[in-house]
Structure formats: C-alpha cells, structure tokens
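Please read the structure below before turning to the comments.
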Amino acid sequence: MAAFAVDPQAPTLGSEPMMLGSPTSPKPGANAQFLPGFLMGDLPAPVTPQPRSISGPSVGVMEMRSPLLAGGSPPQPVVPAHKDKSGAPPVRSIYDDISSPGLGSTPLPSRRQANISVLQSPLVGVTTPVTGQSMFSPANIGQPRKTTLSPAQLDPFYTQGDSLTSEDHLDDTWVTVFGFPQASASYILLQFAQYGNILKHVMSNTGNWMHIRYQSKLQARKALSKDGRIFGESIMIGVKPCIDKNVMENSDRGVLSSPSLAFTPPIRTLGTPTQPGSTPRVSTMRPLATAYKASTSDYQVISDRQTPKKDESLVSRAMEYMFGW
C-alpha cells in the first residue's frame with residue numbers, strides 16, 4: 001500500500017517542473033484562457049515595451065522634444081521612424097515643426113529666407129526697370145508736357161504769364177472777367193458797366209472771358225472786388241487784373257489812330273453812358289432831351305386862364321362863422 005501511495009506522487013513532482021518550464025501553459029489553472037493578455041487588461045506598463053512605444057503619440061512627442069532639455073541635436077533614428085509608418089496614426093502635431101529644433105526650427109529660417117528671396121527677387125527685377133526707365137526718367141517726364149497740354153496750360157493766363165518779365169508795366173485800368181457762358185456775355189458786360197465808365201472791352205471769340213478797360217484805376221479796383229460774385233443766381237464770375245499786353249498795346253494804338261472807336265457798339269446797345277467818341281452814331285438818333293420837351297409841350301399850364309380861388313371877403317367869413325361852412 002505504501003508503494004501505491006508513493007507512486008502517484010512521483011509523477012506529480014516530476015511533472016511540476018515541466019509545467020513551470022513550458023512557455024505555452026498558463027500559470028494558474030483557473031485563469032487559463034485562449035485570449036492574449038493585452039485584450040484581458042493585463043498590461044501593467046512593463047519595462048520592455050518602452051523601445052517600441054516610439055510610435056505612440058505621447059511617447060513620440062517626448063522623444064522628439066527631449067533634445068530641447070538636453071540641449072543637443074535629436075537622434076537620427078527618430079526621423080525615419082515616422083516616415084516608415086505611413087498607415088499608422090500621426091505621431092506629432094502639425095505645430096511640432098515650429099517647436100522642434102531638429103525638424104522645424106533649423107529648416108524654417110532657411111526656408112523663409114529662400115521664400116523671401118524668391119518672392120522678392122522677381123519683384124525687384126520687375127519694379128526696378130519700370131521705376132528706373134519709364135516712371136522716373138527725366139526724358140520721359142518731359143515728353144508728355146511737350147506733346148500734350150493740360151486744360152490749365154491752355155488757359156490764356158498761363159501762356160500770357162510766361163511772356164511777362166519784371167520790367168513790364170501793366171495798365172491798372174484793365175481787368176479780365178471770366179467764368180460766364182457766351183450767351184450771357186452781354187448781361188455780364190451790362191453788370192460791370194455799373195462799376196464805372198467802360199472805355200473799351202475785348203471779347204474772346206471762343207473762350208469765356210473778356211478784357212474790360214475802365215476810365216480810372218479806382219473803377220477797375222471796384223470791379224476787382226467783385227471776384228467770385230454770383231450773377232443771375234447761376235453764374236459765378238471771376239475778376240483778375242489783365243496781363244495780356246497785346247490787348248493793351250492794340251487798344252492804345254486804336255485810340256491814337258481813331259479815337260471815335262474807343263467805345264465799342266455792344267456797350268452802346270446795352271444803354272451804357274455815351275462817350276464823346278460815339279457822336280457819329282448818336283447824331284442819327286433823336287436826343288432824349290428833345291423827346292422830353294416834345295412830349296410835355298402840349299400839357300403846359302396857360303397863364304391867361306383864371307383858376308378858382310376861395311372868397312376871402314368879410315361877408316363870407318361871417319357866414320362861415322355863423323353857419324359853419
């Protein structure tokens with residue numbers, strides 16, 4: 001019986017080391033299952049899987065940012081580890097290029113400088129010939145002024161002012177009125193005839209100005225004070241001293257040769273005061289004084305007729321006192 005008691009224990013003792021040395025059999029009999037350990041939650045953060053955790057997001061970032069604390073360059077195996085795993089989830093963020101010295105900081109300045117140089121170099125090449133040859137060239141700047149004239153340069157004040165010198169003496173009795181339409185020239189001339197005696201005026205054929213010569217400088221200054229005045233509620237008139245020497249010289253020659261033409265016909269038709277130089281035209285018209293005398297001669301009072309007068313006798317006074325007449 002003792003032999004039978006020892007025999008069954010022997011194989012158990014011999015089989016126990018075989019079970020311990022076998023890598024495929026589980027440790028306890030109750031927990032023996034056919035599922036891997038990581039699916040059952042048996043992963044207590046072992047030490048051996050740390051080298052393989054480079055592909056993890058948290059450990060990978062730690063591996064990449066570790067050179068910042070160490071102050072050295074990142075290890076070379078880290079860079080190809082992310083390129084090989086194309087099907088795996090992303091290991092680093094899109095902003096890691098800026099924070100990582102090995103991957104982002106060092107190439108960024110070089111790439112930015114390259115981009116700036118590439119972007120700016122064609123701009124400089126394009127703008128330099130344009131600004132240097134076409135825009136700021138003295139020859140090109142002077143060409144448009146020679147070929148085309150601006151509206152200000154077509155103004156007679158611009159062309160006449162260039163011909164004046166410091167030695168020229170202008171007649172202060174001449175003024176230039178401008179800013180009115182051609183249809184209102186007679187109306188404007190009539191308005192300026194109120195400021196003084198107009199000896200002569202020269203109307204522009206195509207422009208909107210005319211030169212007026214007054215009898216005295218004081219009258220010309222009075223006309224100059226009307227610069228910017230509005231006539232007829234729709235016409236603003238400008239008045240400036242006349243600077244056209246040709247008009248002044250022609251006027252002086254005309255007065256010396258034929259003084260009767262000193263006053264032009266438009267002024268006579270507007271009813272301005274007549275001058276001695278206009279006597280040939282006035283002689284054909286009946287004077288106003290003669291017309292006045294002819295119209296009032298039939299209505300003069302005749303001295304022979306007796307006009308009724310009030311009776312101032314004593315009887316009439318007594319009757320007026322008594323009866324209240």
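Cβ from N, Cα, C; glycine included.
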Inset, instruction - Among 1-37, 149-185, indicate the range for which Swiss-Prot gives the feature region 'Disordered'. - result: 1-37
Inset, instruction - Starting from the Cβ of SER251 (phosphoserine), draw a 10 Å sphere and report how many other Cβ atoms land inside it. - result: 19
